[in-house]
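*Asks:* Supplied in structure tokens, the structure appears directly below.
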Amino acid sequence: MANGVIPPPGGPSPLPQVRVPLEEPPLGPDVEEEDDDLGKTLAVSRFGDLISKTPAWDPEKPSRSYSERDFEFHRHTSHHTHHPLSARLPPPHKLRRLPPTSARHARRKRKKEKTSAPPSEGTPPIQEEGGAGAEEEEEEEEEEEGESEAEPVEPPPPGPPQKAKFSIGSDEDDSPGLSIKAPCAKALPSVGLPSDQSPQRSGSSPSPRARASRISTEKSRPWSPSASYDLRERLCPGSALGNPGPEQRVPTDEAEAQMLGSADLDDMKSHRLEDNPGVRRHLVKKPSRIQGGRGSPSGLAPILRRKKKKKKLDRRPHEVFVELNELMLDRSQEPHWRETARWIKFEEDVEEETERWGKPHVASLSFRSLLELRRTIAQGAALLDLEQTTLPGIAHLVVETMIVSDQIRPEDRASVLRTLLLKHSHPNDDKDSGFFPRNPSSSSVNSVLGNHHPTPSHGPDGAVPTMADDLGEPAPLWPHDPDAKEKPLHMPGGDGHRGKSLKLLEKIPEDAEATVVLVGSVPFLEQPAAAFVRLSEAVLLESVLEVPVPVRFLFVMLGPSHTSTDYHELGRSIATLMSDKLFHEAAYQADDRQDLLGAISEFLDGSIVIPPSEVEGRDLLRSVAAFQRELLRKRREREQTKVEMTTRGGYVAPGKELSLEMGGSEATSEDDPLQRTGSVFGGLVRDVKRRYPHYPSDLRDALHSQCVAAVLFIYFAALSPAITFGGLLGEKTEGLMGVSELIVSTAVLGVLFSLLGAQPLLVVGFSGPLLVFEEAFFKFCRAQDLEYLTGRVWVGLWLVVFVLALVAAEGSFLVRYISPFTQEIFAFLISLIFIYETFHKLYKVFTEHPLLPFYPPEEALEPGLELNSSALPPTEGPPGPRNQPNTALLSLILMLGTFLIAFFLRKFRNSRFLGGKARRVIGDFGIPISILVMVLVDYSITDTYTQKLTVPTGLSVTSPHKRTWFIPPLGSARPFPPWMMVAAAVPALLVLILIFMETQITALIVSQKARRLLKGSGFHLDLLLIGSLGGLCGLFGLPWLTAATVRSVTHVNALTVMRTAIAPGDKPQIQEVREQRVTGVLIASLVGLSIVMGAVLRRIPLAVLFGIFLYMGVTSLSGIQLSQRLLLIFMPAKHHPEQPYVTKVKTWRMHLFTFIQLGCIALLWVVKSTVASLAFPFLLLLTVPLRRCLLPRLFQDRELQALDSEDAEPNFDEDGQDEYNELHMPV
């Protein structure tokens, strides 16, 4: 009211709004006059005199119809005073300052007592929910706030009389729909209760405006049947065109219009925008309250602050949760809203027979339902940015809008309102309610609304419209039920979200806003009626949704049952649209109905129409998925183009600022660890600066129970390969290095790397390629009559030199050139070696212990040896027993049993039995479980000999009589030749190739963007640590280690925290990864402490280790694309899978690529089997230039992209694949 606009009593006015300036007298030097003059000037008696002077209407005289020309003439004559109220105030010098606050309250109380009057018994006037209480509140608020100023606005100049036109919103020419925006929708009125039903407090007095309305009602004349009255003219208050008042007003309904005469209606129209002197005027603030002058900035500051208090609408898109409710009859034939489907991202339907939720699926819509939905939105009501906080208030405004847009009849107002306020039920209600289900109900619509109706002191935002009883008795909601008033209605404060809903609530994002879709058929409507509602802010409507999610959108569709409209399909259509990302973003940013219609057209452009033919297999629908992906790709490109065009033009659409800022920050803050700086050790310095500042958080982040579980799991995952490779390494090196050396090396290097490394999540361990190299170098030294351990010392020293040179030159960037072509060859070769070595060892067992028809007696055994005991190494003392009965068969059983148990536990991990977490635990511990089971089987068979693992007692080397913990660089038994000291640079370069490939590729896999590691990584620092520590390992006779791919990925997965707010059917997403150093230190320490379990380790048969070796070889082949393409050679083309390397490449060219890889593998196998086996890492390195230089001449870039692309992403689905399927690296 600060700008001088007098609020009209209700509905829109047919005349333009007149703003009356409030003249404020200038400040006088002395204001000591008594305040009685002001009281006399504004006395109620003076208002009564002004009103009572109105001449009474003589019913005997013929009535006259007034036109707009008469109203215009009346406004500009002396009978219609336009002087502001401030002109009647005393001169400024007679005013004095305000008395104290207590005196003002006492004077206001006396004024209340003077103006109190009993309620009128006549026809109820048009009430507004502000009243005197609201006026006093506003007056008190202005007094407490300090100062206000009215901006004078000149009234519009008089023009020629024209016929007034009334319109609300933006009516389309081609549709009778109504689109009401926030200013008008907020002020939508409601019909007040009659005076005999409205509660009156003792001592309360009506406001002057209510008294004036009552006097005007008492003077009302009989209604003329010839007079016409349009309800649209009174829907919005006139102040909606400018600054709307704080009160919500009640619209005049048909019954009240019939009770009033045409002259009264015209009189109401005329006076809504007039300046009626002395009637319902706010007090002009005294000039003494203004601290500064009229032009002083201090006086304008509070006014500017008040103008800034207007709340800005939130147009930022949120995550969505959609719920479809249909109008149904329960067992007692009472109508209620029943939830039949829901959307978080995909559709979930309630199965009618079992009342349980089905599996999430992509919603399939009929094209006709989409067209009907588009027509419904074009012709229905669209209420955008509606300022209501309760369901009754929203429902009332929706009903009134439907009446104004001629969708429903005025006499159906009560029935539609009762339908919208019916009780909501959900599938989980019956399951969770127990023996005492809660069924809140109410006696009538008025009682429900009354429970939600706050007092006027709560402010205009909380006011809820009420429904007048003078509408007459409403028609029954259902024809067969006369007691429709007693239906269960929506009641707030339900029993909250239930236990079943807690799991669903976890899957909904925190900032999600809900969409409620209400569809159904009712018997009392003649045509469908629809409304699309967007609230100005999300509100929590209790007992409406299955979960407590704030509601932002509502869609209502009611209509008769005899039409051809399928309300269920239409509700599914709007719900699917709201779950679509682009459409619900457009719904947030829509300014009118046309924006919604345009978004529907965009949705139709990206939709697929399937012809009405019978589909008898899923294979027939494969092309649909590919076509849909293509449409989505084009849709994203169009959206990206629009965003770029808007940003280039300097305009950013609402809701795009945040995404652009996030994208820009990511682009600017992204730091490529493989980018070369051009300076010596520049990459190493960057790694240290990037990673070491996070060292304190690396210790704090380990304080979580998930880290403890990861330590226990990865400990067994690291101990099993250490025992397996240690036993095989002892076999290959004739006991010079075995389990003891490998356990010590894993512990020491693991602790140092976890404390100093740039990526402490990498697990350092022994691998198959290093085992192959150790065997090749051992054979080379035996052939050249050289000491194997002394040669390893010089190889280690040269390894340190080469690593320093490589890190100084920032050579880690070369890992980008190692494509899956080389990785698959590497992994396939190592897997073949594992499988070959397993059966080769089994063949040796059958050779030493053949199946004979007759075996010698037990006395033939060597003295001092038991049947089922640990045998000494072949070089230690007497050889082990030979020709033992059942040894070969038991070894075969132990090997196959270990392999099958571990393999099927891995399959069980990816099955559908039990829960996802239970399957993961069982599958991840498959190797330890299989080892334990087979050891128990061997231990239970006491009369059959099996060769056991050789483990010394305590902290000792495997062969104490052959070596010590320190290896002399110049030789132990004889001097080491000097030429070999220099020539050791060649095997050092070869072992560097293996360490570089495995370490850098593993670090590259772990640091993928999809894994969401935030603290960064350091390729140069990690390579320097592993290479330097490998050089020290040579001095102590310990095996070289590298970053183990499978164990490192398993470690990262164990520390990954998945998001719980994932839509059912959507793929899991990573929330965070607990990047810390403590788990690596504890895992390495526990592996080191395992050396004290020598008595237990000595019980493990070597055949069990052969089974683990076979398991690692077979499982490594499953994730290699080469093995899948190899099988396609023997498969008809019609059975080929729908993979890019099949659909985008001709079959014979795909086979050519496969044969090239097989040729490389065959060449490497031949080299490995000869005396030149030491050179196989160099030949492996040659596959990199082969891929970069030769293959582009044979294949097109499009074919190479399909055949040699790194498109594997981490899979965290409970039913998905494990680490072996994701990696192209050897174990």
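Just so it is clear, glycine is given a Cβ too, placed from its N, Cα and C backbone atoms.
Annotation comment: Swiss-Prot describes Cys1160 as S-palmitoyl cysteine, evidence class similarity to another entry. For Ser167, Ser170, Ser175, Ser198, the entry in Swiss-Prot reads phosphoserine. Marked as omega-N-methylarginine by Swiss-Prot: Arg294. Residues or ranges marked as region 'Disordered' by Swiss-Prot: 1-255, 286-312, 428-497. Look at Swiss-Prot and you will find 708-1227 tagged as region 'Membrane (anion exchange)'. Residues or ranges marked as transmembrane segment by Swiss-Prot: 708-730, 736-773, 793-815, 825-846, 888-905, 921-941, 975-997, 1023-1044, 1078-1123, 1150-1186.
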*Asks:* Hey, which of 736-773, 825-846, 888-905, 921-941, 1023-1044 has the most Cβ-Cβ pairs under 8 Å against the transmembrane segment (708-730)?
*Replies:* 736-773
*Asks:* Cβ under 8 Å, sequence separation of at least 6 from the ends of the transmembrane segment (825-846): give me the contacting residues as numbers and ranges.
*Replies:* 728, 731, 768-769, 772, 887-888, 891-892, 895, 947, 997, 1102-1103, 1106-1107, 1109-1110, 1112-1114, 1116-1117, 1120, 1122-1123, 1157, 1160-1161, 1164-1165, 1168, 1180, 1183, 1223-1227
*Asks:* Under a criterion of Cβ-Cβ distance under 8 Å and sequence separation of at least 6, what residues of the same chain contact Cys1160 (S-palmitoyl cysteine)?
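*Replies:* Same-chain residues close to Cys1160 (S-palmitoyl cysteine) (Cβ under 8 Å, separated by 6 or more) are Ile825, Thr1183, Leu1186.
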*Asks:* So, taking each listed stretch (888-905, 1023-1044, 1078-1123) in turn and counting its Cβ pairs to the transmembrane segment (921-941) that are under 8 angstroms, which one gives the highest count?
*Replies:* 888-905
*Asks:* Please give the sequence-distant neighbours of the transmembrane segment (793-815): residues at least 6 beyond its ends with Cβ less than 8 Å from one of its Cβ atoms.
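*Replies:* Residues 674-677, 680-684, 777, 967-969, 976, 980-981, 984-985, 987-989, 991-992, 995-997, 1000-1001, 1004, 1019-1020, 1023-1024, 1027-1028, 1030-1035, 1040.
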*Asks:* Can you name the far-off residues of the same chain, 6+ from the ends of the transmembrane segment (888-905), with a Cβ under 8 Å from a Cβ of it?
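*Replies:* For the transmembrane segment (888-905), the list is 838, 842, 845-846, 849-851, 922-923, 925-927, 929-931, 933-934, 937-938, 941, 944, 946-947, 1101-1104, 1106-1108, 1110-1111, 1114-1115.
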*Asks:* Who are the chain neighbours of the transmembrane segment (1023-1044) in space, where the CB to CB distance is under 8 Å and they lie at least 6 residues beyond its ends?
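*Replies:* Same-chain contacts beyond the ends: 684, 718, 721, 729, 736-737, 741-742, 744-746, 748-749, 752-753, 756-757, 762-767, 770, 774, 789, 792-797, 799-800, 802-804, 806-807, 812, 957, 963-967, 969, 991-992, 994-996, 998-1000, 1002-1003, 1227.
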*Asks:* So what pLDDT does the region 'Membrane (anion exchange)' (708-1227) average out to?
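*Replies:* Mean pLDDT, the region 'Membrane (anion exchange)' (708-1227): 84.
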